[in-house]
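A.B. asks: Annotations for this protein, taken from Swiss-Prot, read as follows:
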type	residues	note
SIGNAL	1-23	signal peptide
DOMAIN	31-69	domain 'EGF-like'
DISULFID	C35-C46	disulfide bond
DISULFID	C36-C158	disulfide bond
DISULFID	C40-C56	disulfide bond
DISULFID	C58-C68	disulfide bond
CARBOHYD	N67	N-linked glycosylation site
CARBOHYD	N103	N-linked glycosylation site
CARBOHYD	N143	N-linked glycosylation site
ACT_SITE	H206	active site, proton acceptor
ACT_SITE	Y384	active site, for cyclooxygenase activity
BINDING	H387	heme b binding site
SITE	S529	site 'Aspirin-acetylated serine'
DISULFID	C568-C574	disulfide bond
Amino acid sequence: MSRSLLLWFLLFLLLLPPLPVLLADPGAPTPVNPCCYYPCQHQGICVRFGLDRYQCDCTRTGYSGPNCTIPGLWTWLRNSLRPSPSFTHFLLTHGRWFWEFVNATFIREMLMRLVLTVRSNLIPSPPTYNSAHDYISWESFSNVSYYTRILPSVPKDCPTPMGTKGKKQLPDAQLLARRFLLRRKFIPDPQGTNLMFAFFAQHFTHQFFKTSGKMGPGFTKALGHGVDLGHIYGDNLERQYQLRLFKDGKLKYQVLDGEMYPPSVEEAPVLMHYPRGIPPQSQMAVGQEVFGLLPGLMLYATLWLREHNRVCDLLKAEHPTWGDEQLFQTTRLILIGETIKIVIEEYVQQLSGYFLQLKFDPELLFGVQFQYRNRIAMEFNHLYHWHPLMPDSFKVGSQEYSYEQFLFNTSMLVDYGVEALVDAFSRQIAGRIGGGRNMDHHILHVAVDVIRESREMRLQPFNEYRKRFGMKPYTSFQELVGEKEMAAELEELYGDIDALEFYPGLLLEKCHPNSIFGESMIEIGAPFSLKGLLGNPICSPEYWKPSTFGGEVGFNIVKTATLKKLVCLNTKTCPYVSFRVPDASQDDGPAVERPSTEL
C-alpha cells in the first residue's frame with residue numbers, strides 16, 4: 001500500500017507544471033566585483049569566485065589570513081628592523097664624512113650588493129601581467145610585443161574608474177595638467193642637475209621606451225626590453241645594415257668641418273622623422289628615428305657614433321685577423337658596458353643625491369639568485385616622463401634659443417660643434433621634476449597624453465603602487481603635496497586620495513628636502529632601473545669576462561668608462577662635462593682643456 005502511494009506521488013510530481021524562472025529584481029543592486037576593493041595586501045593576488053566572493057592567494061608573501069595581513073614570525077621581525085624609506089634616504093644624504101669612510105672600505109660593496117638585491121627583488125621575474133591579461137598567462141610571459149605590468153588593470157566592472165573610491169568620472173586630463181603641472185615660474189633642481197643629464201635621460205631611455213603607434217599603448221617596438229643600444233644601431237636588422245659601413249666593424253659617418261658626424265639620410269636611407277621641406281642631405285641618420293627633434297639628442301648620437309668607431313680601431317689593432325662582423329658585435333658589447341657603467345655610477349648617482357658612492361660591478365651578484373632577463377613595464381614608461389627637466393629656453397654661448405628655434409634645428413650641432421654644446425648643456429641647470437607646476441607649456445601635451453593613456457590602460461591608483469613597493473599609502477592629499485591649497489583642489493577633483501592616478505601622484509608628491517623629486521619616484525623607479533641594468537646579459541657570469549670584450553683592452557674600456565671619457569676621447573678639446581652644473585666658485589664661463597689620451 002505504501003509502495004503504491006509512493007508511485008502515485010511521484011507521478012503527481014512529474015505532472016506538475018515546471019516552476020517559473022524568477023528574474024532578478026531590476027532595482028536590486030548588482031554585486032560589486034570584490035577585487036575592486038583591492039582587498040589583498042602585501043602582494044597577495046585577488047581571485048574572484050562567483051559574483052561576490054574572492055580569495056587572496058598569499059603564497060610566498062610572508063603573510064597569511066583572508067587578506068594576507070597576518071605576518072609570519074620572520075616577516076614581522078624583518079619589518080620591525082627595516083627602516084622607513086624616508087629615514088633611509090635621510091641617512092644616505094647626510095653625514096658626508098661618514099660616507100667618505102664607507103666608500104673607501106669593503107662596506108661599500110656590501111651595501112651596494114644589498115641595494116641591488118633588495119631593489120631588484122621588487123620586480124617580478126619572469127613577468128606577470130600585460131594590458132590584455134590581468135592574470136598569469138603564457139602570453140604575458142612569451143609575447144615580448146607587450147609592455148609588462150607590475151599590477152593588473154582595474155577590473156572593468158568596478159563602480160568607479162579607480163575601483164570603488166573617488167568619483168564616477170575622472171577629472172579632465174587637460175584641466176589636471178594646466179592646474180597642477182603647468183609651469184608658473186621655472187623651478188631649478190636643488191641638486192644641480194643640468195641639461196646634459198636631461199638629454200642623456202631622453203637619449204638613453206628611447207632605446208627601450210618605444211610605444212607602438214600601430215599596435216596601441218600596451219605594445220612596444222623595442223623588443224630587446226633593455227640596454228641593447230637599439231637607439232644607436234637600430235631596433236631591427238634592416239635599419240642596422242643601412243647604418244653600418246661594413247668595413248672594420250664601423251658605422252657610416254660623414255666629415256663636416258673636419259669632424260665626424262652621423263651620415264645623412266641620403267647616404268644611409270633609413271626613416272627619420274623630420275619636418276617636411278628638410279632635404280635628405282640635411283637629415284642625419286641614426287638608430288632612433290626621432291632624434292632629429294632635439295640637438296641634444298643628436299649630440300649624444302654623434303658622441304656614441306664616434307665612440308663606436310674609435311673602439312673599432314682599438315680592437316682592429318688588437319685583433320688584425322678579425323672580420324667586420326666580429327669587430328662590430330664586440331664593439332657593441334663594449335658600448336653596452338660603457339653605457340651601464342655611466343648610468344649607474346654617474347647618472348643614477350646624480351639622481352639619488354646619495355653620499356654612498358654607487359658602483360657598477362656585476363660580480364657583486366654572482367653569489368646570489370638573480371635572473372639575467374628584463375621586461376620593460378608600462379608603469380616604468382609612464383614614470384619616466386620627466387619633462388619638467390626642460391627649461392624655458394636653451395642657452396648656447398651668448399645666444400638664447402626658444403623652443404621654436406631649438407626643435408628640429410638641423411644646423412646647431414655642426415655650427416657650434418660637439419664641444420660647445422657639451423659645455424653649454426653642462427652649465428645650464430635643469431628643472432625640478434617633483435612637486436608639480438614645473439612643466440613648460442610647449443611640452444605639457446605629453447603629460448596629458450600620459451594621463452589619458454593610463455586611463456585607457458586602467459592603471460591602478462597611486463596608493464596601490466605605493467603599497468606594492470613597500471611604502472605606506474597616503475591618507476590625505478595634504479600629506480601627499482604638503483600644502484593646503486593644492487590639496488583642496490585635488491580633493492575637489494578626485495574626491496578621495498585612494499582614487500588619485502599613478503602619474504599625477506608621482507609628479508605632485510612633495511619632494512625630499514633639497515631633492516629633485518619625492519619618495520615614490522625613488523622607491524618605484526630604482527627597482528625598475530637597477531633590475532634592467534644588472535639584468536643585462538653582459539652582467540651575467542657567462543658574459544662578464546675579458547674574452548667577451550675582445551680581451552683586457554676592451555674589458556678595461558668598460559670598467560673605466562666615464563661621461564668625461566666619452567666626450568673627451570672623441571673631441572679635439574675637452575669642455576666642462578658633467579651631469580651637474582659647476583659650483584658657483586668654479587663657474588668661470590666656458591673653458592676647454594686638452595683631452596686625456598688614456599683609455
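Just so you know, glycine gets a Cβ as well, placed from its N, Cα and C.
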A.B. asks: Given the recorded positions C36, C158, H206, Y384, find the one whose Cα is closest in space to the Cα of C574 (disulfide bond).
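C.D. replies: With Cα distances computed to C574 (disulfide bond), the winner among C36, C158, H206, Y384 is H206.
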A.B. asks: C35 (disulfide bond): which of the recorded positions N143, C158, H387 is the nearest Cα neighbour?
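C.D. replies: Looking at Cα distances from C35 (disulfide bond), the smallest one goes to C158.
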A.B. asks: Can you tell which of the recorded positions H206, Y384, H387 lies nearest to C36 (disulfide bond) in space, using Cα positions?
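C.D. replies: Closest recorded candidate to C36 (disulfide bond) by Cα: Y384.
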A.B. asks: Limited to the domain 'EGF-like' (31-69), I'd like the whole-number average of pLDDT.
C.D. replies: 96
A.B. asks: Which whole-number value in Å describes the distance between the Cα atoms of C158 (disulfide bond) and N143 (N-linked glycosylation site)?
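C.D. replies: It is 28 Å, counting Cα to Cα.
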A.B. asks: Just to be sure I understand, if DSSP states are collapsed into helix, strand and coil, how many residues of the domain 'EGF-like' (31-69) fall in each?
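C.D. replies: Secondary-structure breakdown of the domain 'EGF-like' (31-69): 4 helix, 12 strand, 23 coil.
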A.B. asks: Between S529 (site 'Aspirin-acetylated serine') and N143 (N-linked glycosylation site), what is the CA-CA distance rounded to a whole number of Å?
C.D. replies: 22
A.B. asks: Just going by other Cβ atoms within 10 Å, which of the recorded positions H206, H387 has the emptiest spot?
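C.D. replies: Ranked by other Cβ atoms within 10 Å, the recorded positions H206, H387 bottom out at H206.
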A.B. asks: According to DSSP, does H387 (heme b binding site) fall in a helix, a strand, or coil?
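C.D. replies: Looking at the DSSP assignment, H387 (heme b binding site) belongs to a helix.
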A.B. asks: What is the nearest of the recorded positions H206, Y384, H387 to C68 (disulfide bond), using the Cα of each?
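C.D. replies: Going through H206, Y384, H387 one by one, the Cα closest to that of C68 (disulfide bond) is Y384.
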